[in-house]
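Have a look at the structure below, then the notes.
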Amino acid sequence: MQASEQHRNSSMYYQPLQQIEAYCLPQYRTLNPQLYYHDGGHGTQFSTPSSSELYCTLESSSVALYNSPSTVSFSPNGSPISQQDSQSYPPDQYHSPENTYGSPMSGSCITDDLSSFNLKHKLRELESVMLGPDSDNLDSYDSAISNGNNFVPLEMDGWKQTMVAISSKNLKHILIACAKAISDDDLLMAQWLMDELRQMVSVSGDPFQRLGAYMLEGLVARLAASGSSIYKSLRCKEPESAELLSYMHILYEVCPYFKFGYMSANGAIAEAMKDEDRVHIIDFQIGQGSQWITLIQAFAARPGGPPHIRITGIDDSTSAYARGGGLHIVGRRLSKLAEHFKVPFEFHAAAISGCDVQLHNLGVRPGEALAVNFAFMLHHMPDESVSTQNHRDRLLRLVRSLSPKVVTLVEQESNTNTAAFFPRFLETLDYYTAMFESIDVTLSREHKERINVEQHCLARDLVNIIACEGVERVERHEVLGKWRSRFAMAGFTPYPLSSLVNGTIKKLLENYSDRYRLQERDGALYLGWMNRDLVASCAWK
């Protein structure tokens, strides 16, 4: 999902990185896209790091391993590589940062009593015993994978299936087996599978290899956060705000997900306000304000003249960093646009987190028809499973008390909020597989900014989903059925979406791959990739 153009990304937060654990708080982490490569005459070939090319720069819980800032990127096999001067580290293989993941050669507490040779030797012996020339196929393994909650084979069957997956180089099966090992606290197996995965993933490969690199990073980060590693945080260099804005804009253009969400929400608001003279829109995550450009234009062309429009914009740290300043930038931009189209306009800035919003922050006035917009925002609000304050439901009750004419909801259609780690891993893998495949159709693998777009706009979110728990896990998506229950409990009733909006969105999708699909079910719109729903949009009153 946790996500947009220069507009708003459902998921990204970019703040200074100061003594914060990797991926676990809503701060932005950059994964430097510079990779080690050479031109071998048959396309770009990515080389394996030598002993002087370090996996990562992780900060020890007790001893700092470096004295200067460094950046982190993924190596061709998916392992983070430090761009810091490698001579600042001793070349000793047992204490080199090359082994910061606790691989069999490291001094990790996971493998203190096993050398790499002995571990590999024992595993190969087991493999030769279990896997003869007539070894079983993967049918039973595929069946288990299709139902993640029941993926609990007998111990030896699990080992055998894992060996089959490794021998066949099945990246998906090995990723799932690694997550299952972590879920079962089988750390020795998990470490070994991570070592295998590093040879298979690549941020420059096909969609699943690229996704695999970030899923692997999430698994590694999860082990580090659990105390299995002595390391506490990755230090990464943030991109310049203009660069980040560019990456967000590329994602906005190559995928229709955000345009779909904004168009469907705007259509519901325009329909609800077609006879109103004074309109107040509260946007709970206004981002760059770009969602409202088309709505202002639509109001300008309304028969009988435009209404007076006032927008209250609630800020978020990602957008503030990307635009390089406060909400006054958004207000100035929208005011100029409204003036150009001769639409009476006011902008009210509320530079405050959604968790801190109270009634007085919203600037509600009598005599204005109220619309409230929750686009790619509510999943960041902690619910009853995280906090007794339950800001997710608190905001809905607050908004309901204002008696709005319409409330719009756009969210990623994924179930990661309260799910336990292993089913959450399977859900994330399935969701982002569709996302990465859809990007691959539009944005070529040779595109110079593709790695930046995926790392800065998608990878941080999925790593947060996999690696973190409790308040540190800020990416908490719910499927529309759960959102329906929350809105109903708050006192809302469904507001039907206009058929004209559906037609407009269908025309939009004609500019993209025919593998995108638009469906209307139970008064809501779903945008998906092939057979996977990715974004859902609906309205309430």
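Heads up, the Cβ atoms here are built off N, Cα and C, so glycines get one too.
Checking the ranges 34-38, 279-283, 294-298 against TrEMBL, the motif 'VHIID' annotation falls on 279-283. Shown for the region 'SAW' (467-541): DSSP residue counts in helix, strand and coil, namely 25 helix, 23 strand, 27 coil. Secondary structure of the region 'Leucine repeat II (LRII)' (329-361), assigned with DSSP and counted as helix (H, G, I), strand (E, B) and coil, comes to 18 helix, 6 strand, 9 coil.
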